[in-house]
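Accompanying notes for the structure given below.
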Amino acid sequence: MQHVTSLSFLLLAYSNYLSHANKVVPCGETTATPALLKHLAKRQVDYILGDNPLGMSYMVGYGPRYPRRIHHRASSLPSVAVHPARIGCKAGSRYFFSPNPNPNVLVGAVVGGPTNNTDSFPDSRPFFQQSEPTTYINAPLVGLLAFFSGH
């Protein structure tokens, strides 16, 4: 999702520039209009939120089907209320490798997404490239969601 969210944000920014400049971009037999670029960005947001072959949202806590075993230490360890004793750095392995869903749902976090070119998602903590939420995935998505919530 890193490239998807970043490029979609750029598409949206460029579509706004083209709108203000009253321009389009000819590209072979296609003309990239501001509306087309916004549509492409919106399709990517829709994919992230569940309009994809798996019918799952890659945003934790959004929709009926979303990642439950994300690669995130605080989300995968029990809360202090349930487990008040300290959990050392190397003592978290039993939680990391547990097949159970994370006890703390990191609502709103977007994970790495499906494996390349297959639209499959392992939903397993060790597959960090697919299951880890990162700032470079989530930050551009915030801009996209802010725009589309108002349009």
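The backbone N, Cα and C atoms fix where each Cβ goes, and this holds for glycine too.
TrEMBL does not curate its annotations; it predicts them automatically.
On a predicted model such as this, the values are computed, not experimentally measured, just so you know.
For reference, TrEMBL has these:
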SIGNAL    1-21  signal peptide
DOMAIN    1-145  domain 'Glycoside hydrolase family 9'
ACT_SITE  His71  active site
ACT_SITE  Asp123  active site
ACT_SITE  Glu132  active site
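A straight line from the CA of His71 (active site) to the CA of Glu132 (active site) spans 5 Å. Residue counts for the domain 'Glycoside hydrolase family 9' (1-145) under DSSP, split into helix (H, G, I), strand (E, B) and coil, are 62 helix, 8 strand, 75 coil. Packing around His71 (active site) is summarised by its Cβ count: 22 other Cβ atoms lie within 10 angstroms of its Cβ, all protein chains included. For Asp123 (active site), applying a Cβ distance below 8 Å and a minimum sequence separation of six or more within one chain yields Pro67, Arg68, Arg69, Gln130, Ser131.
The Cβ of Glu132 (active site) has Ile70, His71, His72, Val111, Gly112 as same-chain neighbours under 8 Å, each 6 or more residues away in sequence.
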